[in-house]
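Here's a structure for you.
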Ligand SMILES: *Cc1c(COP(=O)(O)O)cnc(C)c1O
């Protein structure tokens, strides 16, 4: 059953409408595939985090993990909502700076920041680096020293907490490419080393226990371990953490059976856990930072496709192909992710058949949804797939030289183009034919 949320509703013509705009009109104006973002819902999610932290009395920063969906207009919304921004590459940093995002609210993540990326970020005067490993520490320190700048750092630790989630997207356990391990003493050593580096200021520690998490226990455990570590480090190394960053990973509802908690419940569990564990140790209460990505933009995004061909294999399966696929949504192929969809142009008609939605790439694994109940599907119908706002456009590719879709924000009956559909020129824009081949062709 398609789940209507945010400003999505079915209008009098029986068509899906988002942000007060008929999806049929959107496809006529912008073509398909098309990413449609419910701007009011994005802002609502931002405010749920900010309001919940305000109510807690803690100092805080809510940093949107821009990797979920990083384009200039999105950075603008995040800035307007008073939040901070995580970047993990020069490209994301460049996007944020070009959007005019306040540099002091940008945090730089990643397990392999290049010296060029570090220079770019220091030159921009970003707020903080989240240091991931021992190789990074001296490089960051020496570049900062060369530039006569002091940089703020959080040290990313792996607290050994496993969130219940798909194994490909979990990062909190000991065997991880990310962070300094708490259990084997690496985290302790990292604080010791970083505190000796004169161009770095340790703000505190960071932990991210996974993604698409539906319970609070993992965050509570992480807060407890971080607090124990903070107490040890303060008494033995005389380093006091002013910031505790507990990462992102708050789950959303993609399909029935996914049961995310309200944002305020996650935030309360986190702030309560930090308060209990730090105050019981007589430790000055740190600021709390979090980094939601998926839960800010995931359910605000819907992808509209046009139905093309069908292939009915009697007694086996009926394939319905759409004009996109793994190029705009690689998550089913990568993680077996599930999605819900509706025929947007005939949203009130009863289901008549069970079909599977295929993409148009030359790849058998290019499937979007298995066994979906729909009215009798016809060529030209519009298929709306919900909850495609996070890690879809961000992971889109040009495989098969398919042009990346356009993206629109809809709100109060208006649609604004925020990313143009790629052109044929864009597709070949970086191709170069060497002189010798040009001549050989004449
Ligand atoms: C991916 C990631 C996030 C955001 O995760 P979501 O599941 O999208 O909320 C936050 N912090 C770090 C370090 C990450 O790698």
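Here the Cβ of each residue, glycine as well, is placed from N, Cα and C on the backbone.
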From 283, 305, 319, 391, grab the residue that TrEMBL records in the same substrate site as 294, 331, 335, 363.
391
291, 292, 293, 294, 391 bind pyridoxal 5'-phosphate according to TrEMBL; which of 249, 257, 429 goes with them?
249
Give me the non-local Cβ neighbours of residue 391 (pyridoxal 5'-phosphate binding site): same chain, 6+ apart in sequence, Cβ-Cβ under 8 Å, ordered along the sequence.
67, 68, 69, 293, 294, 298, 331
Where ligand 1 binds, which of the binding-site residues 291, 293, 294, 331, 335, 391 are close by, with Cβ under 6 Å?
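By the Cβ criterion, which requires under 6 Å to ligand 1, the hits are 291, 293, 294.
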Cβ within 8 Å of the pyridoxal 5'-phosphate site's Cβ centroid: which residues qualify beyond 249, 291, 292, 293, 294, 391?
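The answer, listed by sequence position, is 65, 68, 211, 248, 250, 295, 296, 298, 390.
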Cα-Cα, whole number of Å: residue 249 (pyridoxal 5'-phosphate binding site) versus residue 335 (substrate binding site)?
15
